[in-house]
Amino acid sequence: MTPTVFLSILCLGVALAAPAPDYNLDAEWEEWKRSNDRTYSPEEEKQRRAVWEGNVKWIKQHIMENGLWMNNFTIEMNEFGDMTGEEMKMLTESSSYPLRNGKHIQKRNPKIPPTLDWRKEGYVTPVRRQGSCGACWAFSVTACIEGQLFKKTGKLIPLSVQNLMDCSVSYGTKGCDGGRPYDAFQYVKNNGGLEAEATYPYEAKAKHCRYRPERSVVKVNRFFVVPRNEEALLQALVTHGPIAVAIDGSHASFHSYRGGIYHEPKCRKDTLDHGLLLVGYGYEGHESENRKYWLLKNSHGERWGENGYMKLPRGQNNYCGIASYAMYPAL
């Protein structure tokens, strides 16, 4: 595995002069700024416009060259359109996810349905938005615990990502600069609790720890790492509920994802940099057509992907590392 540790924030100022804008894109640029609530200083607008135009051209070229109509996979210009590649990586590529051997509680011969969506069973809270803070690891872990809390109590309570960010630093996490789900689960287990979003709301920046035990709404007794193969992941998902996973999310095609079954030829299974929640699986078309997918909840808001979710190839040799770093808690 190639480790990816911590990246420095890219300064907004760029030394090189921005190229002259393509005035044919003026109306599209103004509409994009309006719909994404962007305002800039005059100098910054030149730089951001240049980046945005480059991304527009890349998306058009990528669609033309790669035939993204396959499996209905599409990309689009979204809220990340004025960000450089390095800036987009800041949202994901903040910590390496070391591969771990796993073991999990497994029922004998669990019945595997042809499709599964834990959202329909009430296990999944609404999609949230991490913003410019690289806290995907915390969103993935809290969402996973939320599902187990619902399974145990029947109550679906959004948990505090901010609590996890602020208070798990001594376990190796870095707030908005990244963290590992294993360390986050370890904190919640040892801490004896985690607050709800309602009492410890998300602020998209790390602060000092303000956890109060009397406001805790959940405890984690232990947690399990799933063996690194898709069959074990499938069994764990069916048996236990939503699973915290990590994938290679470093590519522009990921940040520009709109819908369909994701396809990225450069996606790796041993370089993991983005945490998500695995909530189900299914297939497009007929089951015999081998267009199977995993269904994942992201933390980029509902305007990204399929209302905040994405489909990743299933049964394709651990595509993008979907089964390389999966875990879930027991309450």
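Just so you know, glycine gets a Cβ as well, placed from its N, Cα and C.
Database features (Swiss-Prot):
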- 1-17: signal peptide (SIGNAL)
- 33-50: motif 'Nuclear localization signal' (MOTIF)
- ASN72: N-linked glycosylation site (CARBOHYD)
- CYS133-CYS176: disulfide bond (DISULFID)
- CYS136: active site (ACT_SITE)
- CYS167-CYS209: disulfide bond (DISULFID)
- CYS267-CYS320: disulfide bond (DISULFID)
- HIS274: active site (ACT_SITE)
- ASN298: active site (ACT_SITE)
How big is the Cα-to-Cα gap, in Å, between CYS133 (disulfide bond) and CYS320 (disulfide bond)?
23
Sequence-distant neighbours of ASN298 (active site) in its chain (C-beta under 8 A, six or more apart):
VAL127, LEU276, TRP304, GLY305, GLY308, TYR309, MET310
Distance [Cα-Cα, Å, rounded] between CYS209 (disulfide bond) and HIS274 (active site):
24
Measuring CA to CA, name the entry from the recorded positions CYS136, CYS167, CYS176, HIS274, CYS320 that ends up nearest the residue listed as 'N-linked glycosylation site'.
CYS320
Per-state residue totals over the motif 'Nuclear localization signal' (33-50) - DSSP helix, strand, coil:
12 helix, 0 strand, 6 coil
Should ASN298 (active site) be counted as helix, strand, or coil on the basis of DSSP?
coil
Considering Cα atoms only, can you say which of CYS176, CYS267, HIS274, CYS320 is the nearest neighbour of CYS136 (active site) among these recorded positions?
HIS274
Tell me, by DSSP, whether ASN72 (N-linked glycosylation site) is helix, strand or coil?
helix
How many neighbouring Cβ atoms, not counting its own, are there within 10 Å of the Cβ of CYS267 (disulfide bond)?
21
Let me know the model's mean pLDDT on the motif 'Nuclear localization signal' (33-50).
85
Taking only the Cα atoms, work out how far CYS320 (disulfide bond) lies from HIS274 (active site), in Å, as a whole number.
10
Three-state secondary structure, HIS274 (active site) (per DSSP):
strand
Provide the number of Cβ atoms within 10 Å of the Cβ of CYS176 (disulfide bond), excluding the reference atom itself.
21
DSSP three-state assignment for CYS320 (disulfide bond):
helix
Can you see whether DSSP assigns CYS136 (active site) to helix, strand or coil?
helix
